[in-house]
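Notes for the one structure printed next.
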Amino acid sequence: MREQVYIAEAADQSLRGMLVTWTSIFVSLGILLVYLFGSVLPEDWQGVAGVCAVFPVISAVLIWVLPESPVWLASRGRALEAENSLRRLRGVDLPRQEVEALLDRGSPSPRAANFSDVIRPEVWKPLLILNMFFLFQQISGVFVVIFYAVDIADEAGVHTDGYLVSVLIGATRLLVTVVISYASKRFGRRPLAVVSGVGMTMCMGTLAGCVHLESSALNWLRALTLVLYIFMSTVGFLTLPWAMIGELFPTRVRGLAGGITTCCAYLYSFAVLKTYPEMKDTLGRQGVFLFYGVAALLGTVFLWFYLPETQGKTLEEVEQMFSRK
């Protein structure tokens, strides 16, 4: 969550929509690497865990070279440090008006943000929208397919190497995330979210139908549908809510509201991932896939009516949009 907030506060407005999705690119790359490690070392999970432990250490070292967020510094009254940080991030030839806009936007607050701020419309509206977005993201099965990739392939009746399917899923997610980081700048958030939800609904409906028919001739269609499901989810449902955390909340409450949203998102994820085995036993394979398809459809309807378009808007314009009735 902090990565998206940092990028949203430091990036130029024209690039913000693209850059806030870059964290998803590297998350996708990390998941693909884990899938590859698992396929190469299927019986050595300790070795895979040891290799993966290297990356957080590298990140912990590299983060010390990053300058502090210029908006955060300005909000603490540290104007000179804020200007120096912004020029370090954006270049020494940064126009003076952008520096002045930063200092105006991040002018020191008389008090720290607290939970009473949540009842303000410019806070509770995006808070509700993002939490619903994350809820539909989870109950539509996106992370179930990612975390249980090998098992999902078996449950769907894909009679091939489950590790190969998982690698294809990871590679698809990485490729689409790279494409979406540029597409979101051109097409905006709402169209991508709606297209994503419609595609996920169709994929899960198709997968449920294939499972019901239980025909070996449909093996290729089951595998293709799983890969397409990840493709369509990455277009919107998987990447956009994380990117929008840094865009929708006002500066002063961004840390608090973003923290609440992230906490809820991981609680949703925990609940959905832990209940998947029980859902599978209760509803059956076909029922689980139908449930995820219906959830994706309901999420699409919600986003059609309530998800705002933030592409091309400044953070101040987004805040003013939510302040209106």
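Just so you know, glycine gets a Cβ as well, placed from its N, Cα and C.
Pulled from TrEMBL:
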type     : residues : note
DOMAIN   : 1-311    : domain 'Major facilitator superfamily (MFS) profile'
TRANSMEM : 20-41    : transmembrane segment
TRANSMEM : 47-66    : transmembrane segment
TRANSMEM : 128-150  : transmembrane segment
TRANSMEM : 162-180  : transmembrane segment
TRANSMEM : 192-214  : transmembrane segment
TRANSMEM : 220-243  : transmembrane segment
TRANSMEM : 255-276  : transmembrane segment
TRANSMEM : 288-307  : transmembrane segment
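If one looks beyond the transmembrane segment (162-180) by at least 6 residues along the same chain, the residues whose Cβ comes under 8 Å of a Cβ in the stretch are 21, 24-25, 28-29, 31-32, 34-36, 38-39, 42, 145-146, 149-151, 153-154, 192, 223, 226-227, 230-231, 234-236, 238-239. Outside the transmembrane segment (288-307) by six or more residues, the chain places 129, 132-133, 136-137, 139-141, 144, 155-156, 189-190, 193-194, 197-198, 200-201, 203-205, 207-208, 211, 237, 276, 279-280 with a CB less than 8 A from a CB of the stretch. With a threshold of 8 Å between CB atoms, the same-chain residues lying at least 6 positions outside the transmembrane segment (220-243) that come near it are 1, 4, 17, 20-21, 23-24, 28, 130, 133-134, 136-137, 140, 142, 145-146, 152-153, 156-158, 160, 165, 168-169, 172-173, 176-177, 180, 184, 189, 192-200, 202-204, 206-207, 210-211, 265, 296, 299.
Proximity of distant same-chain residues to the transmembrane segment (47-66), defined by a Cβ-Cβ separation under 8 Å and at least 6 residues beyond the stretch ends, is recorded for 6, 30, 33-34, 37-38, 41. If you look at the transmembrane segment (255-276), the same-chain residues 6 or more away from its ends with a CB under 8 A from one of its CBs are 1-2, 4-5, 113-115, 117-118, 123, 126-127, 130-131, 134-135, 137-139, 141, 143-144, 147-148, 241, 245-246, 249, 288.
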